[in-house]
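Remarks on the structure that follows.
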């Protein structure tokens, strides 16, 4: 079996720099924007909040597609639950723009009018004077528009609800009416819960991934490695030992220069995505994600199973391109490829989030085994750069680009409906509007590097749970995530740079503990070589 050369290790380092920079640019925590009604004012008025509306429709008693609409700044409020609303017949105004009294009978019905010809308040006043129970305005484009009014005008006397729907919804309703079908509509405005149960599961997944990646070396114990390679031949013990040593050398220690390169490369990738985002570009990211997910899942599955059943990897195959390969490893690889392919094909399905999370978690666990922080000095440079990067591209980039570059890329603007897969996501189970709570890979990987270092440092220095760093940094990471979602709630669902909270709660806590314990100098200049020499002297 050939061993990796030093040249390969250098290429692996370059690969890791690019991989981390690629994942780094998706370093934002998200949750779907929530609307908070609070104590809504009563009509009449001209300062009502804009609320999303569900518009259900029936044609000859057969329920059709539910449309999403938006309320006006004036008029009556809609019920928050479907059971409290009324199902009424829909009638087109005549003229269609609804700017003058209608020749169609509107009494007790929902009047429908197309946008244009006059302002929204005029349409509402005409519909109300005709006895309509509500007004449905059909927009002339797919985007929802705000229907405002000026205080002190007659708009404050409008007492019927006014809702606007996109052009496609109006075309669907018009088609049913033209075909002579009786169309009935029902409006209600469900309120999005400020906090969903999915946030708790997402928190558990993120913290669990960091903890699992940190202690993975204990799962993949060295005895299992020796067992696997000694099975090739009892006489090849020295080769097996050489393989083990060389495998350990393949771990990449990030240095200060690499940390700075991360930020520069990640910013370049982010701008590239911002200016040239398209469906084919997102597809390229999906392919790269699948490749990384396959490798990560293969690594995780084989490690765990071989730890339990060491004899599973005994049978070998000699393949033309891959050489001698374990049959078990090959079967796992095939299963991983099938899993990833099925996810990619069904990535738009409602259940695809589960497959994406599995691939993503396996990928991150594997990445955190390959790249490591050697000491707190490098961690400070890397996480401080990440801290500035996150804040700039979320909060300060609108000054230059007139919108948040990070949020625009994460939303997938101009991506043809495709979304970037480099994040963990869970559906908002209690939200009638659906959507997902999400966290970017960068918000797990970069704090995860520091937590993993803390675990290795505690182990090398034989520290206990309480007087070590791993437990406290894990708690700090969990608190930082909690503060992220608290900030998300307080800022009404606006995307938050999670590292704004995570860096102080992890790096800041580590430095503070080091100062209090008098160990900051050792943490700052620590190296794995020093740990090895200490262990050797201890054994001697």
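Heads up, the Cβ atoms here are built off N, Cα and C, so glycines get one too.
Worth saying up front: this structure is predicted, and the values here are computed from it rather than measured.
What TrEMBL records for 91-173 is domain 'PA'.
Annotation comment: TrEMBL describes 1-31 as signal peptide.
Within the chain, the transmembrane segment (200-221) has long-range Cβ neighbours (under 8 A, six or more residues past its boundaries) at 303-304, 307, 357, 361, 364-365, 368-369, 424-426, 437-439, 443-444, 447-448, 451-452, 454-456, 470, 474, 477-478, 481-482, 485. Feature annotation from TrEMBL assigns transmembrane segment to 200-221 (among others).
Among the features that TrEMBL reports, transmembrane segment is placed at 259-277 (among others).
Marked as transmembrane segment by TrEMBL: 283-306 (among others).
Feature annotation from TrEMBL assigns transmembrane segment to 327-345 (among others).
Residues or ranges marked as transmembrane segment in TrEMBL: 351-371 (among others).
The transmembrane segment annotation in TrEMBL covers 378-401 (among others).
Sequence annotations record features per position, and here TrEMBL assigns transmembrane segment to 438-457 (among others).
Look at TrEMBL and you will find 469-491 (among others) tagged as transmembrane segment. Listed as Cβ neighbours of the transmembrane segment (469-491) (distance under 8 Å, sequence separation of 6 or more from its ends, same chain) are residues 29, 31, 34, 194-195, 199, 203, 206-207, 210-211, 214, 439, 443, 447, 450-451, 454-455, 457-458, 463, 498, 500-506, 509-510, 513.
Annotated transmembrane segment per TrEMBL: 497-516 (among others), in sequence order.
Mean pLDDT for the domain 'PA' (91-173) in this predicted model: 89.
The largest share of C-beta pairs under 8 angstroms with the transmembrane segment (378-401) comes from 497-516, of the ranges 259-277, 283-306, 497-516. The list of residues near the transmembrane segment (497-516) in space but at least 6 beyond its ends in sequence, with Cβ under 8 angstroms from a Cβ of it, reads 27-29, 376, 379-380, 383-384, 386-387, 389-391, 393-395, 406, 439-440, 442-443, 446-447, 450-451, 454, 469, 472-473, 476-477, 479-481, 483-484, 487, 522-524. Highest Cβ contact count with the transmembrane segment (283-306) among the listed stretches 327-345, 351-371, 438-457 falls to 351-371 (criterion: pairs under 8 Å). Long-range contacts of the transmembrane segment (351-371) within the same chain, counting only residues at least 6 positions beyond its ends with a Cβ under 8 Å from a Cβ of the stretch, are 12, 16, 19-20, 23, 205, 209, 212-214, 216-217, 250-252, 254, 289-290, 292-297, 299-300, 339-340, 342-343, 421-427, 436, 441, 444-445, 448-449, 452.
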